[in-house]
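Written out below as structure tokens is the structure these notes cover.
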Amino acid sequence: MSEPSTPEPVISMRGATATLGARTVLRGVDLTVGRGEVAALLGANGSGKSTAVRSVIGQVPLTGGTVELFGTPLRRFRQWARVGYVPQRTTAAGGVPATIREVVASGRLSRTKLRLPGRADRAAVDRAIELVGLSDRAKDSVSALSGGQHQRVLIARALAAEPELLIMDEPMAGVDLASQEILAETLREQVGAGTTVLLVLHELGALEPLIDRAVVLRDGCVTHDGPPPEAMGQHALPGHDHVHPHAASEPARTGLLT
Amino acid sequence: MEFLTPPFMQRALVAAVLVGITAPAIGIYLVQRRQALMGDGIGHIAMTGVGLGFLLSTNPIWMATLVAVVGSVVMELIRWYGHTRGDIALAMLFYGGMAGGVMLINLSGTGSNANLTSYLFGSLSTVSEEDVTAIVVLAAFVMLVTLALRRQLFAVSQDEEFARVTGLPVRVLNLLVAVTAAVTVTVAMRVVGLPLVSALMVVPVAAAQQIAKSFKVTFVLAVAIGTAVTLAGTVTSYYQDVPPGATIVLLAIAVFIALTALATPLARRRARGRDKDSEECTLEVPVARPDADDVRV
């Protein structure tokens, strides 16, 4: 459990503002994630948590503020193999059949780029599939999988590059309890190995023991940044973004606490 | 094997095989990104190129390639920037391309109805030496792109946002798919005709994915089906007085129907095999409750 003030922040977002269409989604968000930290972004639907993580990896352009990854401004950041991304999806399938292995192998492209994959690359793909417990089904079509298994494939795809930073957008959405446990276990191993994690969550759920820090967004502003509040597990549902008594001692990044 | 003797048939067969290979090879990526009808749009645009070729008295294949490539790049740009009215812009492009082609062919004067028909519905018997050279060069480009970059194109077509975060040059790869599709359209137009080009990109892939579980097998099978139906269609049109383009597409659809019929029992058997060990209920059912539950009054 590293302190939020770790010397080298992996993610450093300052005063980020962003709009989607005519709507302002982020209004000056500060977000710092230190090496080895596990941070959860929480908030109601439309609070801007998905936009915040997507702007960290350059998928939503910022209208103001700055983002740095591993100390490099996002505009000049090229070491994408250090980042594993799990987008918000309900399915890992496309318009053509593909096996679990084929989908997971595409995650290795951040390292292989345009060259052919070697033995080490194939081994990393196998390891990623094993980490999510799908080795016996590696040659099955992803379309034959359950919702939770789809999510496991998407996470294995992110792990195939052996990233130092894992960014996940609602990895637990639509995942049954058994798969949630497997995902939590996978994540625990990654965190144990020193991986930094930023995830968007609707509720802490099975991941609660892993999380060092919770950042709560409301209407595009940070309303809480500190240890996950005790009651968060049950109350991190839409409309339940109230701040608990002990949070008052935490630094409030904006003046918009309710 | 008498059909192999006449030189026009040799040229026709070379063209047909190359189309059978290339159309599904690029079509699979279009189907994967759920843009199966993109080839159709490019076919419309290529019509203007054919018209320009007639007007300028150059080989229509090269002019059609040029115009189709420009058109496909514009389509890709519309996809990036024109979020809201993208479909209307594409409609303008497609119908403008078709109408422009008909107008230009008419203006050129040289373009008789018969000439136009050979591009609209394919005309294997009129494929010239020059056409074959063009088709071979263009087909080589398509095969190079679709095979050498298959991993990258797979990733981009499977999940574009994820591919961007892996640092792949997604815009370049998207443009490459669009340009390659445009090139394929012009390779195929002499064989099946512009309105049916898209069918050869989509139907063999759709047929293959009825029985395939992996992308790799779908790719190989789609190319095999494409080659088989173009060859069969060409040979059929040599012996019977039927249009080769229509014959090829109808054969492809027949394969699709046959494989779909075959796939249902296959999928059932696969599912049975997978569930064999989990057929029995293994959940532990609590046996008789202890006495504590007995309520005595």
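Using the three backbone atoms N, Cα and C, a Cβ is placed for every residue, glycine included.
Just so you know, TrEMBL annotations are computer predictions that nobody has curated.
Pulled from TrEMBL, these are the features on record:
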TRANSMEM  B:12-30  transmembrane segment
TRANSMEM  B:61-81  transmembrane segment
TRANSMEM  B:88-112  transmembrane segment
TRANSMEM  B:132-150  transmembrane segment
TRANSMEM  B:162-181  transmembrane segment
TRANSMEM  B:187-207  transmembrane segment
TRANSMEM  B:219-239  transmembrane segment
TRANSMEM  B:245-267  transmembrane segment
REGION    B:273-297  region 'Disordered'
Same-chain residue ranges lying at least 6 outside the transmembrane segment (B:245-267) that approach it to Cβ under 8 Å: 16, 121-122, 191-193, 196, 199-200, 203-204, 206-208, 210-211, 225-226, 228-230, 232-234, 236-237
Stretch among B:12-30, B:61-81, B:132-150, B:162-181, B:187-207 sharing the most Cβ pairs under 8 Å with the transmembrane segment (B:219-239): B:12-30
Same-chain residues at least 6 beyond the ends of the transmembrane segment (B:88-112) whose Cβ lies under 8 Å from its Cβ atoms: 40-41, 44-52, 54-55, 57, 67, 71, 74-75, 78, 82
Contacting positions for the transmembrane segment (B:162-181) when only residues 6+ beyond its ends and CB under 8 Å are counted: 26-27, 29-30, 38-39, 42, 69, 72-73, 75-76, 79-80, 141-142, 145-146, 149, 152-153, 155-156, 201
Residues from the same chain, set at least six apart from the ends of the transmembrane segment (B:61-81), whose C-beta lies under 8 A from its own: 38, 41-42, 45-50, 52-53, 89-90, 93, 97, 119, 131, 134-135, 138, 171, 174-175, 178-179, 181-183, 185-186, 189-190
